[in-house]
Amino acid sequence: MPAPLPPTELYASERVVVLVSCVFSFVGSSLLVCTHALWPELRTRPRQLLLYLSLADLLSALSYFYGVLQDFDKTSWDCVLQGALSTFSNTSSFFWTMAIALYLYIAIVRGSPTGTGLLCGFHVVSWGVPLSITVAAVALKKIGYDASNVSVGWCWVNLDAEDRVLWMLLTGKVWEILAYVTLPVLYILIKKHINRAHAALSEYRPILSRAPAFQPRTSIADKKLILIPVIFIILRIWSTVRFILTLCNSPAVQNSVLVVLHGIGNTFQGGANCIMFVLCTRVVRTRLFSSICCCHYDELDWPLQRSDSYWQRPEPHKDKDVPGPERTKPLLSST
């Protein structure tokens, strides 16, 4: 690998933008955690996985906020600590994001049981693997000052490490690139399965009176499923671009626009999840606004105000005309 580029200078305006992004991500992740804690009826298994993703994003936002605020110019104890925390939380966020996609694929497409065993496996992988990698990186003194060429003020892999590229891959980039491939594939398979299920269902209920009302809800749900990998890639791609530019020793890595996009992309995941699964989910949004405005929320309306997304508890299937497989494999899985 060529000699490292000069350090990327982080301007005050860039720092402010990224710090604001960190704050939004922190608030968004906190809101997701609070809605899960306050309203037991929202505690479906996918939202439970979303809770763990939010906890990882919460820690990530805090560590990035400190790193951008400090704008490290050398390896120090707090640089190593911040780099370790951001490495662990960021990598864990990748794993939990893929875990949610894998869960939805297993539950909706395969129709397989998704009990506590699968959840335990997700915990072992999504917390254990990032923790093992981070502990190894710290123990081997691979975490430290990175000249902001592959970050935006925070610390990551030490530039003095001879095998820095290997550790950059292990502490984030391999899992990030893997998510770029895994998420679109899983969500495309889920969407294709749902479309086939809709087509099969229409054969048995061609004159179903609820069909006009049902169609827009499923359409919104499909769009949300598509947006999950799209938003992830849009946010994360900039850090991958700067990583590749660093490997190529290109001065374009210091472009101000790229730096800001990288900073926002790495720090705004919690905010994006909040927008999708709180503000854009009708049931949660209604209950949240009712709580904020101190309005009375009628619990009897809960079943009638279900969200259009896959992130709500489904109504039990009561249609006896639909064949057996359609009963055992729900069209809109409990998400």
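Even glycines carry a Cβ here, placed using N, Cα and C.
Keep in mind the model is a prediction, meaning the values are calculated, not measured.
According to TrEMBL:
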COMPBIAS  314-329  compositional bias 'Basic and acidic residues'
DOMAIN    14-281  domain 'G-protein coupled receptors family 2 profile 2'
REGION    313-335  region 'Disordered'
TRANSMEM  16-37  transmembrane segment
TRANSMEM  49-67  transmembrane segment
TRANSMEM  87-106  transmembrane segment
TRANSMEM  118-140  transmembrane segment
TRANSMEM  166-190  transmembrane segment
TRANSMEM  225-245  transmembrane segment
TRANSMEM  257-280  transmembrane segment
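Of the two recorded stretches, the transmembrane segment (257-280) does not lie close to the transmembrane segment (166-190), with fewer than three CB pairs under 8 Å once pairs fewer than 6 apart in sequence are set aside.
Scored on C-beta pairs under 8 angstroms, the neighbour of the transmembrane segment (118-140) with the top count among 16-37, 49-67, 87-106, 166-190, 225-245 is 87-106. Comparing 16-37, 49-67, 87-106, 225-245 for CB pairs under 8 angstroms to the transmembrane segment (166-190), the maximum falls on 87-106. Within the same chain, residues 18-19, 22-23, 25-26, 28-30, 32-33, 36, 78, 82-83, 85-86, 88-90, 92-93, 96-97, 99-100, 103, 119, 122-123, 126, 151, 153-155, 266-267, 269-270, 273, 277, 311 sit at least 6 positions outside the transmembrane segment (49-67) and bring their C-beta atoms closer than 8 Å to a C-beta of that stretch.
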